[in-house]
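Structure first, commentary second.
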Number of protein chains: 2
Amino acid sequence: MAKIITVNTNGIRAAARKGFFDWLPKQDADVVCIQETKAQVDQLEDPVFHPQGYHCYYNDAIKKGYSGTAIYSRVKPRKVISSLGWDPADSEGRYLQADYDGLSVISLYMPSGSSSEAVQAKKDRFLELFLDHLKVLRRKRREFVICADWNICHREIDLRNWKSNQKNSGFLPHERAWLDTLYDEVGYIDSFRLINQDSDQYTWWSNRGQAWANNVGWRLDYQVITPKLGDKVLSADIYKDERFSDHAPQIMEYDFDIKG
Amino acid sequence: MAKIITVNTNGIRAAARKGFFDWLPKQDADVVCIQETKAQVDQLEDPVFHPQGYHCYYNDAIKKGYSGTAIYSRVKPRKVISSLGWDPADSEGRYLQADYDGLSVISLYMPSGSSSEAVQAKKDRFLELFLDHLKVLRRKRREFVICADWNICHREIDLRNWKSNQKNSGFLPHERAWLDTLYDEVGYIDSFRLINQDSDQYTWWSNRGQAWANNVGWRLDYQVITPKLGDKVLSADIYKDERFSDHAPQIMEYDFDIKG
DNA sequence: CTTATCAAG
DNA sequence: CTTGATAAG
C-alpha cells in the first residue's frame with residue numbers, strides 16, 4: 001500500500017506557520033508532492049523543512065519567492081529528475097520527478113493564467129509542451145502518478161460556479177479540451193474521479209471574499225495516473241479539517257508498494 | 001491653555017488599527033503634530049483620518065508609503081506652510097507649519113541616518129539647511145513650537161545605552177553638537193527638559209529585539225520652543241499606556257492660547 | 001521587527 | 001485576500 005499526498009502550499013514557510021509540518025508526520029505518507037514552495041533551498045535549511053524519515057527534494061524557481069516544487073519520499077528514489085529541458089518548466093522549478101522501481105511520482109505546478117492574457121498564453125504554451133512530455137512518458141515501461149496543481153477544472157462538477165467561469169482561466173473550453181485529450185486520447189486517469197464519481201468536492205478556494213466560508217471552490221489539484229494503475233486506487237480524499245494554504249491536500253492510497 | 005501633542009505614527013494607518021484615533025479625541029488637544037504618516041492624501045479619505053473638530057493638513061512624500069507629516073488643529077490656522085523651498089524637505093513631506101496669531105506650530109520629520117552612510121550624509125545636509133531655517137524663524141516677530149521626530153538624542157541621559165551608541169546615527173558627536181548650537185547659540189529650548197530635568201524617559205524603542213520590554217529607548221521626539229515660551233510650559237509628558245507605534249506620543253501643555 | 005509597496009496568484 | 005520580496009526605519 002502506498003499513500004501519496006499532494007498539496008499546493010502557497011508558500012511552504014507560510015504553510016509551516018499554519019501547522020503543515022505538525023500535520024504531515026501523522027499522515028504516514030510514502031510520498032508527498034508539494035507545489036508553490038515559494039522559497040529557495042537556502043531559505044529552507046531549518047529542519048522542519050526536512051521532515052524525519054523522508055528524503056527531501058526541492059526544485060526552485062530562479063525568481064525568489066515564486067513557484068517551486070518539492071517531493072518528500074520515504075524510500076530513496078533511484079533517480080530524481082528536475083529538468084524537462086525547456087523553460088519555464090525548468091527556470092520556474094515547476095517539475096520534479098522521483099523514479100522508483102517501475103514507478104515514478106511527479107510533482108508539477110502548472111502555470112496559472114488568471115493574471116493577464118500574457119500569462120494565459122504562457123500557460124497555453126506550457127500545456128502544449130507538457131502534453132508532449134506526458135505522451136513521451138506513456139511510451140516508457142513504467143507507471144506514473146502525476147501529482148499536480150493543474151490549474152484546470154475538467155467538468156462543470158469540478159467548480160462551484162461553472163457558468164460564470166466559462167471565460168475565466170482554469171475553465172476555458174480549450175483548457176478543458178486539453179484534459180479531454182489527456183484522458184481520452186493519451187490515456188491518463190484522474191484518480192479522484194475513479195473513486196468519487198459524482199462528488200462536487202474542491203481543492204482550492206480563493207482568498208478573496210468569502211470563498212472558503214461559502215465553499216466557492218475549484219478542483220484544481222489531482223493525481224493523474226497511467227492506465228495500469230487504474231485498478232489500484234484505494235481511496236482519494238481531500239483534507240479540509242485544517243487549512244494550511246488556499247489549496248487543500250489530496251490524500252490518495254494505492255494498492256502498490258513503492259520500492260527504491 | 002494650549003495642549004499640543006506630537007507623535008511619530010510609523011504609518012498613520014497602522015496607528016489607526018492600533019487605536020490611535022480612539023485615543024486622540026480623549027486627549028482634547030489643540031494641535032496634534034504627526035510624523036511618518038506613510039500615506040498619500042488619497043489613501044486617507046476615510047473619516048477616521050479627519051477627526052471631528054479638527055482642521056486636518058497632510059504633507060506627503062512623493063514616494064508612496066514613505067515619510068510624510070500632518071497637523072490637526074482645532075482652531076483654523078491663518079496660514080499653513082508645507083514647503084521650505086528645498087528638497088528633500090519638500091519632496092518627502094517632512095515639514096508642515098500652522099500659523100496662528102503670534103504663534104506657529106511646526107510638524108517636522110528629521111531624516112534618519114541609520115540605514116547607511118549615504119542616508120547619514122543626507123541627514124547631515126538636512127540638519128545644515130534646517131538650522132538656517134530655524135535661525136530665520138528666530139528673526140520673526142512670532143513664537144514657535146517645533147514638534148518633531150528629531151532623530152537625535154542630545155545627552156547621555158536621553159538614551160538607555162549611550163556608551164555603545166556613540167558611533168551610531170542619532171547620537172553622533174556632530175549631531176549632538178548640532179543640538180548644542182540650536183539651544184545654546186540659536187536660543188531654542190527643549191520643553192521636555194524644562195520640566196523633567198533629570199528624568200531618563202524615552203520616546204522611541206526599536207521594534208527589533210526586546211527594546212520595549214527592556215525599556216531600551218531613545219528620546220528622539222520633543223517639542224522645541226522659542227525663548228519667550230520658556231516660562232509657559234505647564235507639563236510635558238510621554239504617553240506609554242498604549243502603543244500606537246514604535247514612538248510614544250509627547251503631550252505638552254502650555255500657558256497660552258491658540259488664536260486663529 | 002515593523003511599516004508600506006509591489007508582483008503574483 | 002494572501003504570500004513573499006524589497007525598501008526603509
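The backbone N, Cα and C atoms fix where each Cβ goes, glycine too.
Automatic, uncurated: that is what TrEMBL annotation is.
Per TrEMBL, these features apply:
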ACT_SITE  A:Y109  active site
ACT_SITE  A:D149  active site, proton donor/acceptor
ACT_SITE  A:H247  active site, proton acceptor
BINDING   A:N8, A:E36, A:D149, A:N151, A:D246, A:H247  Mg(2+) binding site
DOMAIN    A:5-247  domain 'Endonuclease/exonuclease/phosphatase'
SITE      A:N151  site 'Transition state stabilizer'
SITE      A:D221  site 'Important for catalytic activity'
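Taking the centre of the Cβ atoms of A:N8, A:E36, A:D149, A:N151, A:D246, A:H247 as the Mg(2+) site, the nearby residues of that chain (Cβ within 8 Å, site residues left out) are A:T9, A:N10, A:Q35, A:Y109, A:T203, A:W204, A:L220, A:D221, A:S245.
If you measure from the Cα atom of the residue listed as 'active site' to that of A:D149 (active site, proton donor/acceptor), you get 5 Å. Counting in whole angstrom, A:D221 (site 'Important for catalytic activity') lies 4 from the residue listed as 'active site, proton donor/acceptor' by their C-alpha atoms.
When the recorded positions A:D246, A:H247 are compared by the number of other C-beta atoms lying within 10 angstroms of their own C-beta, A:D246 comes out lowest.
When other Cβ atoms within 10 Å of the Cβ of the residue listed as 'active site' are tallied across all protein chains shown, the result is 26.
Around the Cβ of A:N8 (Mg(2+) binding site), a 10 Å sphere holds 27 further Cβ atoms from the protein chains shown.
Counting only residues at least six positions away in the same chain, the Cβ atoms of A:N8, A:Q35, A:E36, A:L108, A:Y109, A:M110, A:W204, A:L220, A:D221, A:H247 sit under 8 Å from the Cβ of A:D149 (active site, proton donor/acceptor).
Looking at A:E36, A:D221, the recorded positions in this record, the fewest other C-beta atoms within 10 angstroms of the C-beta turn up around A:D221. Averaged across the domain 'Endonuclease/exonuclease/phosphatase' (A:5-247), pLDDT in this predicted model comes to 97. In sequence order, A:M110, A:P111, A:S112, A:G113, A:K123, A:S169, A:G170, A:L220 are the residues of the chain that are 6 or more apart from A:N151 (Mg(2+) binding site) and have a CB within less than 8 Å of its CB.
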